[in-house]
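Enquirer: Annotation source TrEMBL lists signal peptide at 1-21. Sequence annotations record features per position, and here TrEMBL assigns transmembrane segment to 74-95, 102-126, 138-156, 168-191, 211-232. Positions annotated as domain 'Cytochrome b561' by TrEMBL: 75-194. Summarising the annotation, TrEMBL assigns compositional bias 'Basic and acidic residues' to 260-271. Annotation comment: TrEMBL describes 260-304 as region 'Disordered'.
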Amino acid sequence: MATRPVMRALLLLSVLQGTLGLAQTQYASPATPTVPVPGASSPWLATTKPGATFGTINAPTQLAAPASFEDAKIAHVVLGAIAFLFVFPLGGIVIKVWPHRHIVWVHAAIQAFGLALYIVCVGLGFWMGAQLHTLDRYHALAGYIVLAMLVIQPLLKLHWFHAAVPRVAAFMHVHLWMGRISLMLGIIDGGLGFRLSGSLPGPHLSEGCKIAYGIVGGIVWCVYVAVCIVWVELKKVPRAAPPSPGAPPEEVVALTLADQDARDKSMRPKTGDTVVTASAVDSDVESATSLPLAPRRPSHVVRV
C-alpha cells in the first residue's frame, strides 16, 4: 500500500512533463531560414535586412543601378571613345598634313589632352572594376598596357626640345610605331569593354551603341592608316636607283646628279608659298628626316 502514493507521484510527473513539451512545440517561434548573403562585390545585388518579414526572404534580386555607378559607367565609355576615336587620331594626322613651324607643339598639346582624358577614363574603370572584382579581366589588362604605352610616348620625344640632346632616329621610330599600336589597341579595347559590360549584371548598353562604336572605330582606323601611312609614303620623294657595281664613272655621276636634282625640285617652294628660313624643316617631323624647305643645290662635285 505504501507504493501507491509513489506511483501516483511518478505518473503525475510524467503527465506534466509531456504537457510542457507539447506546449513548447506548439508555441515556439518558427526558426528563421538561413539565406546565403550575396557578396558585396556588385552594387547591383540587394541584401535582405534582418527585420524583414518571414516568407519574403528570397535569393538576391537585381535592383536599379546606383546613380553614381551608372554615371561613372557612362563617363568611362564617353571619355574613352572621345580619346581614341577623335583626339589621338587627330593629333597623329595633323602633324602629317599641316606644315606649321610649331606643329610639334600643336601635336604635343593635342596628344596631352587625349592622355588626360584617358587617365580619367582609366581611373573610373579602376573604381568600377574594384567594385565588381573585374580588374583581372582582359579589358582591364589591355587598358593597363595602353596606358603604359601612352605615358612612355612623351619621354621618347623629349629630345626634340633640348638642343643638347642629339636627335636619335631610333627614338623617333619607336615613338611613331608605339603611337600607332596604342591607338589600334585602344580602339580594340573599347570593343572588349562593351563585351565585358554585357556579361555583368545591371543595365546594359543597347546593341545600337555597340554597332555604332564598331563602325566609327573602323572608319577612324582606316582614315588614320590612309593619311599617316599610305599618303605620307606616296608623298615622299622617290630616290633614283643606285648605280650597279662596276658601273662606269659617267653613269655614277649622272645618277647622283639626277637624284639631287629631283630632290631640289620637290623641295622648291611653289608660286604663292611663303618662303621660310633655311632652319625651318618639313612637317613630317616623325619620319626622322629634317628637310629644309628652301631649294638647295649640290655643294660639291662628284669626283671619280
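Glycine is no exception: its Cβ is also placed from the backbone N, Cα and C atoms.
Remember, TrEMBL labels are computer predictions, not curated facts.
Give me the lay of the land around each of these features.
Expert: Residues 108, 111-112, 115, 118-119, 122, 125-126, 129, 171-172, 174-175, 178-179, 181-182, 185-186, 188-189, 192-193, 195-196 of the same chain sit 6 or more residues outside the transmembrane segment (138-156) yet have a Cβ under 8 Å from a Cβ within it.
Proximity of distant same-chain residues to the transmembrane segment (168-191), defined by a Cβ-Cβ separation under 8 Å and at least 6 residues beyond the stretch ends, is recorded for 80-81, 83-85, 88-89, 92, 118, 139, 142-143, 145-146, 149-150, 152-153, 156-157, 159, 210, 213-214, 217, 220-221, 224, 228-229, 286-288.
If you look at the transmembrane segment (211-232), the same-chain residues 6 or more away from its ends with a CB under 8 A from one of its CBs are 81, 84-86, 89, 92-93, 96-97, 180, 183-184, 187, 190-191, 194, 284, 287.
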Enquirer: Do you know the mean pLDDT across the domain 'Cytochrome b561' (75-194)?
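Expert: A mean pLDDT of 89 is what the predicted model shows over the domain 'Cytochrome b561' (75-194).
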